[in-house]
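Asks: According to Swiss-Prot:
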type	residues	note
ACT_SITE	His189	active site, proton donor/acceptor
ACT_SITE	Ser319	active site
BINDING	99-101, Arg127, 130-133, 140-142, Thr188, Ser320, 325-327	substrate binding site
SITE	Glu332	site 'Important for catalytic activity'
Amino acid sequence: MGQPMRQEHDSIGGVDVPAAALWGAQTQRSLNNFAIGHQKIPAELIHALARIKQCCAAVNGRHGLLNDQQVALIERAGQAIQTGQQDDHFPLSVWQTGSGTQTNMNVNEVISNLAAQESGENLGSHRPLHPNDHINRSQSTNDVFPAAIHVAAALQLQQELLPELKRLIASLDAKAVAWQDIIKIGRTHLQDAVPLRLGDEVSAWRDRLSDGAHWLTTAHQDLLALPLGGTAVGSGLNTPDRFAHEVCAELASRTGSDFQPADNLFAVMAGHDSLVQTMAQLRRLAVTLLTIANDIRLLACGPRAGLGELLLPANEPGSSIMPGKVNPTQCEAMAMVCTQVIGMDAAVAAAGAGGHLQMNVYKPLIGYNLIEGIRLLQDACRCFRLNLLTGMEADRDRIAFYVERSLMLVTALTPEIGYEKACAIAQHAHRDGLTLREAAMQSGAITDERFDQLIDPAAMASPHR
């Protein structure tokens, strides 16, 4: 026996739909025609669309375009969708029409059928709510779908990624403060350089992430300008007066975010520059996180035959063949996430440039990568903080050993004896296996007392403190 089916109709004709499905004919056609990959439209985008449907219904009701019962039914169905309990009824692939029309209709159809269930009507009857005439009233996919991407990404940034990023920054700040007394050897070109404080090295990571958070916050502000009310091309055809302002005000009231209609609806519908900019800032953050992860795993390499300056928590066995091996797995996971996000940015940039005239037809791709990129970075930052940074320690003895053996401390002698003599001392020490002090004394270029005054790693690490 096959799956029970019901038949629904749209402007093309009849189509068989699973009997228990809350979606309708247009969603089913998309499932039939676009069986491509496994990437689905993100739930955050579906929930944002449902929220927008609620706001549009409320404004349409105030303008007399929907009655109180219709508004209430859309309100309740939209709320049910936002709980996530209906997520299985949004099965569409990212790889569909470039406008997102089929996902917009998926939401309209599910709301229609939820209302039918509540009202004792048959699924697919379009009673008491028609997907187009009532639920999509005063709307076009061309304005509500990109608006939903804006809303979903803005709320994700505000509620998830930025707070987690702040916690990560605070964790690094605690390490920077705790390790201010540790003097270590700096490294440039992966070679020994002059000393610095371990706390200062960590503070560089912290402040680079703080800059990233600042620019993400700026991008978040750009996302608050919505294309809602532009309908098909930006003119607002088939909307009541001030619809754009009233819908955005309704959305702002419900979310606590200052959503506004964009100054030029034609511009934000023809192009998605704010979304491209936000993705670019995610890439910037990914670049910073990737360099931090790489720095940490380099400083932690060992434990016996590497730098070993940082000690990482042993979260899990590292090898199926080498007993006792522990790997920097959180750094590796972070590096993979960041590499993925950098690739996502390239896709979004190309998609943003791919629009023609009044419409960009890469909307699902842009929305998917942006929302997924935010989610990946938020999850990676949380895991990195909890499973690596919290338990990361400094090997003070190993760090001090490297400082004592470093030849680059000779840099402090340069103002006193000149570059060439200082270079000769360092080369002599390295060639003959001497300490820097021994080579300096043999050179006769500086006295023992003056050497001790100049070669002070703590003073070299903080020359102006």
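Keep in mind that glycine also has a Cβ here, set from the backbone N, Cα and C atoms.
Describe each of these features in terms of where it is and what it packs against.
Replies: Cβ neighbour count for His189 (active site, proton donor/acceptor) (all protein chains, 10 Å cutoff from its Cβ): 6.
Cβ neighbours within 10 Å of Thr101 (substrate binding site), excluding its own Cβ and spanning all shown chains: 18.
In the three-state DSSP reading, Glu332 (site 'Important for catalytic activity') counts as helix.
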Asks: Mind checking which of Ser99, Ser140 has the fewest other CB atoms within 10 A of its CB? They're the binding-site residues.
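Replies: Candidates: the binding-site residues Ser99, Ser140. Fewest Cβ atoms within 10 Å: Ser99.
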Asks: Whole-number Å only: compute the distance from the Cα of Ser140 (substrate binding site) to the Cα of Glu332 (site 'Important for catalytic activity').
Replies: 43
Asks: Determine the most Cβ-crowded residue among the binding-site residues Asn132, Asn142, using a 10 Å radius around each Cβ and all protein chains in the structure.
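Replies: Sorting the candidates by Cβ neighbours within 10 Å, the top entry is Asn142.
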Asks: Identify, among the recorded positions His130, Glu332, the residue whose Cβ has the fewest other Cβ atoms within 10 Å in this structure.
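Replies: Per-residue Cβ counts within 10 Å for the recorded positions His130, Glu332 bottom out at Glu332.
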Asks: For the C-alpha pair, I'd like the distance in angstrom between Asn142 (substrate binding site) and Glu332 (site 'Important for catalytic activity'), rounded off.
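Replies: That comes out at 40 Å between the alpha carbons.
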Asks: Say you check the Cα of His189 (active site, proton donor/acceptor) against those of the recorded positions Asn132, Val326, Glu332; which is nearest?
Replies: Glu332
